[in-house]
Amino acid sequence: MSRGHLDLLRDEYGQLQAKHIELQRKYDLLVASRQIAAPGADGDAPSLSSAEGFVQRLVGVVSTLYDRDLYSDLIVHVSGRQLRAHKVVIAAQTDYWGDLSDVDKIDLGDMDYSVAHPLLRWMYTDQFDVKFGDSIVLDVLSAAIRFKLVPLKERCENLLVSRLDIDNCVKIYQFAESENLDRLRDECAELVAARWNDFTAQHFADMDATLLYKMLKRRSKHVLNSIIKLGREDALFLFFVEHEPQLGFITNEPDDDGLLPLDAALSSNQLNIAKLLAEHQADLNKLDKSGRSFVFKAVEAGNVAACEFLAEHGARVDYVNQATGDTLLHVLASASGKDELLQWAGKYLRQFNINAVDKKGRTPLYIAVDNLNSTVLDLLLSEKSVNPNIRDAKGESPLEAALLDKKNLEFAGKLVDHGADINMVDDKQRTLLHKAVAADNFAVVQFLAMKSADVNKPDGNNATPIHFYLSKLIASPTFTAEQSDILKLLMRSGADISIRESSTGLTPLHLAVQKDVRVLEVLLESAPSGLPLDVVDEAGRTPLWCALEASKFPAAALLLKSGANINEKTPEGSPILIRAIESKRDDIIRFLLDNKADAGVTSANGASCLRLAVSQGLTSTVDHLCKLGAQLDAPDPVTGLPPLWTALSANDYATAAVLVANGCEMEGYAKADGGAYEESMLLRAVDNNDQKAAVFLIKNGCNVNALRRRIGDPSTETPEGSDLDFLQTALHLSVQWCLSDVTSALIANSTCKIDAQDSDGRTAAHFAVSNNDEDTLELILAHPNPSCLAVRDRYGMTPLGLAMRQKNNKAAESICKRLPQAVLQVNGSGENLLHSVVKADDFESVLFLLGLHIDVNIPVQGGERLTALHLAAQVGNEMILRNLILAGSDVNARTLEGHTPLHFAATQNHATIVQILVENGADPNIFDEDGNNALHCAVFKGSVECVRVLLMESSVDPLAFNKKKQNIIHLCAITIGPQSVEMFREIIEILPDFPLESQDIYGNTMFLLAFINGNGDLCRAALQHGACLAATNHTGQSIFKVDTPTKQLLFGLLDKLETEPKWAEGDYCSECEARFTLTMRKHHCRHCGRLVCSKCSEHQMPIMKYNLTKNVRVCHMCFDVLTLGGAADATY
């Protein structure tokens, strides 16, 4: 914290203290007021406000009496002066003088007036000026203690505490110690402890040794170091006396900062104290917390006196810092020390390990070079045992540091003269010459050359210094005169430029051609006998090819001028022109051709220059070769495809345009699919979904109607499993694969056959509709020739029919607008589109076609000649039916068999449809060719709901007979299933008087038909509604004569009769079939109602379930049923 901040805090503390004093004064007044206001013995007391006023006036009066004659009854003698005082005030503040009643003067002794005045003034006013100096305050404090003025004592103490600083702290501490003021003394001690580093020995110079030692013991954690800091040998003596048994430990104990006592003494040059410490068991070789010895630190600090002291008193000078590995020589070498320190080091030089290395592997000699410390360098080199070739951990020797890091040739010369190895290599086998050329340092290169360094010594990659330098020149943007001099120096020093470097396989000559031509010129100038131009690198490349590959054409021209072969071949035997084409190097090709290279060469696999140039996309080269007369349509020996296809397949349209411009063929038929057939380039492009290539061919005049061609016998069928269609044109394929750009280009081409059909009869329009490709369909519809819209495929589908089947109303509408008559075309079944969509229950399509105002009453061609309304009634779609009726469908239209839509709806049990038809005027009494009306059909098919609708909501004749004289009850009996009973009950409920005994053409009643069909439930329901059980048909058959596997149903019906059934009528006995005459009377079985003769009804018995208590005539079978019950069945 800064001094200014402390002053601000001190001022703030003083202000708070003044406020506190004022507040305390007010508090005292208030307490006094309350005491006065307290009730006395008589209970009469002044009010608080009056008491408070009294106290304030009293205090005010007292504060004005100081040194006045008014009311004075006491004389105070001080410093030859007499001051007026008042006994009551003095007695109120202290009892030091006892009872003052008989005293008229008091003597303050030798007290100075400057002290007595503020003391007496405080007694009267309770005020003490905070601006008094420390001396006055201390004297007043002493007097307050003497005269027992406790409040004044506390106020002075507080004032001194607030003023404590390093300048007055020691003085106040001494005073507090002498007066036994513990609080003030502790505050001083706390300040000393807190700001110990701000105190100097001068602050404590006048303090008694004993008192100082006492203070340090009380507040200092490390007393010994504190004594040393203050330089007090007298206090140190007291410390030694007190701690004699522990001196061996205490004199070597560091403080919290790690500072040892001997460190404190030596760093402050207190050699006498250091000597005392050494004499009292201080360890001269003790290491601090960082592992440094006293000698090491003295050398670091350049403290010659401390070094000499330590050496003379036996400290070890061969110390090594365990953390860094530094010796004293390392420290000396790292800084420019004093001459006296060097003289001291020279005195003890033989005691040092002169070749010791630190943790980084550096010797003192290396450190001296690194710090350009010439005096230490000379000192070290004067010792014969010094080794100048020891490298540091990075592999750098002192010579390398001198040459490359410090660029100090003087140091380097001294090192070489004292045995430094000039050809020393690092871990990568690189010499100093390698590193010098890499650093572009001509002076160092020249120095090494003069010292006979090996100019051809390779590194680990077999790279010589000239390799290194040329590699550097390649990366450099310039080529300076100094660099040229270095290159010349290396060449004149015998550099071999034919050595290959391992990692790149390049020789120096290969590297040279990749740089500025001036580098190659320097090499040629420095080699009067010429360079080995045919030398090859590890990849077999000559310098000429390297120059061309690096676009160093001036260098290549220089090589050709110097004798290089322009038609040289690669190690594989290919001419470099072919290699240039394969490398896509137009610039190299141009250079070679301009320099008369042979353009008729071919590649190893026989490919010409033109084909290679096309495959590599070398447009300018292709153009040049075309103008030289190259064969433009020569097929590829492997694929059979022309160069144009090679360019197109590579998206190289610039090259393709060059070939077209030079007259190449546009068809390019070639084998495909393993040689099974051949196709043109256009078909191949479409097959490959290459729209850009296809459009290019179309726009450049290819045959847009070309087909695939079988190879061999044309009648050969397509292999099984293949979807190949030899009748599909490019238009079919492009629409099929949604290649919009190709399709657009084909349709726009005037020669394109837009109505071409494939083997399934499909046109491009079929595929456009099938793919829901609106854009393509619009293009087809915009074609001047709409004939493709009327073409049917092998399944009889036109594009419009296909659109309707796929519910593509938008496409269908577009087709109808372009070709209105397309909507009336019929399929192979004779159905037009309306018939098909109604049959498919496609409401949306129906609405669409109705919107086109199609004739809804057109019947299906052939067959039953159903109208759309017949089909709708059959399907049962209410919305379709209503819309057809609204569109004008004939609700009574008849098929060839006479069926109306109402017949179909009733047959299919579409009650809602029946209701709609009836509501819209359908006649329910129209008969078909069998004489059945809609009600007959509904009953026969078990359509209960339709029967209910027809009987209740239509004008149908419920008693109508068909051609077999069967009414709805007969048909109900013929219907097998549970719905027959439900339907019968529905009919009887609606028509309760329906004649149940009506007979069909064969005389069968509904009951007899139900029994013949084994419908027991319907038989029982009919009996419940009064049907005659014993009715016979025209052949004399009744339920008793019908052949059945068992009689279970018959006996069950007889057994379950609850009421006497209706009697049968006739002329014959139903059992023996005898004709009734005058002599053979008719009888009826009273149980079943059948007509029998007397012989066949000879049994008589009461029938209790009919309430017939008397004997009545029954037939044989009923007798058995009534007597045997269920067991009667076993007898028949």
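Cβ coordinates come from backbone N, Cα and C, glycine included.
The feature domain 'BTB' is assigned by TrEMBL to 72-132.
What TrEMBL lists as repeat 'ANK' is 257-289 (among others).
Feature annotation from TrEMBL assigns repeat 'ANK' to 394-427 (among others). In the predicted model, residues of the repeat 'ANK' (394-427) average a pLDDT of 86.
Under DSSP, residues within the repeat 'ANK' (428-460) fall into helix, strand and coil as 16 helix, 0 strand, 17 coil. Summarising the annotation, TrEMBL assigns repeat 'ANK' to 428-460 (among others).
DSSP states for the repeat 'ANK' (539-571), grouped as helix (H, G, I), strand (E, B) and coil, give 16 helix, 1 strand, 16 coil. TrEMBL lists 539-571 (among others) with the feature repeat 'ANK'.
The repeat 'ANK' annotation in TrEMBL covers 864-896 (among others).
As annotated by TrEMBL, repeat 'ANK' applies to 897-929 (among others). Secondary structure of the repeat 'ANK' (897-929) per DSSP (helix as H, G, I; strand as E, B; remaining residues coil): 16 helix, 0 strand, 17 coil.
Feature annotation from TrEMBL assigns repeat 'ANK' to 930-963 (among others). Packing against the repeat 'ANK' (930-963) from elsewhere in the chain are residues 900, 902-903, 905-911, 914-915, 918, 922, 924, 971-972, 974-975, 977, 979-980, 982-983, 986-987, 990-991, 994-995, 1000: each is 6 or more residues past its ends and has a CB under 8 Å from a CB in it.
Residues or ranges marked as domain 'FYVE-type' in TrEMBL: 1063-1123.
The residues of the domain 'FYVE-type' (1063-1123), classed with DSSP into helix (H, G, I), strand (E, B) and coil, number 14 helix, 18 strand, 29 coil. Long-range Cβ contacts of the repeat 'ANK' (897-929) within its own chain (Cβ-Cβ under 8 Å, at least 6 residues beyond either end) map to 864, 867, 869-870, 872-874, 876, 878, 881-882, 885, 891, 935, 937-938, 941-946, 948-950, 953-957, 960, 962. Taking H, G and I as helix, E and B as strand and the rest as coil, DSSP gives the repeat 'ANK' (930-963) the counts 17 helix, 0 strand, 17 coil.
Note on the repeat 'ANK' (394-427): DSSP counts are 17 helix, 0 strand, 17 coil.
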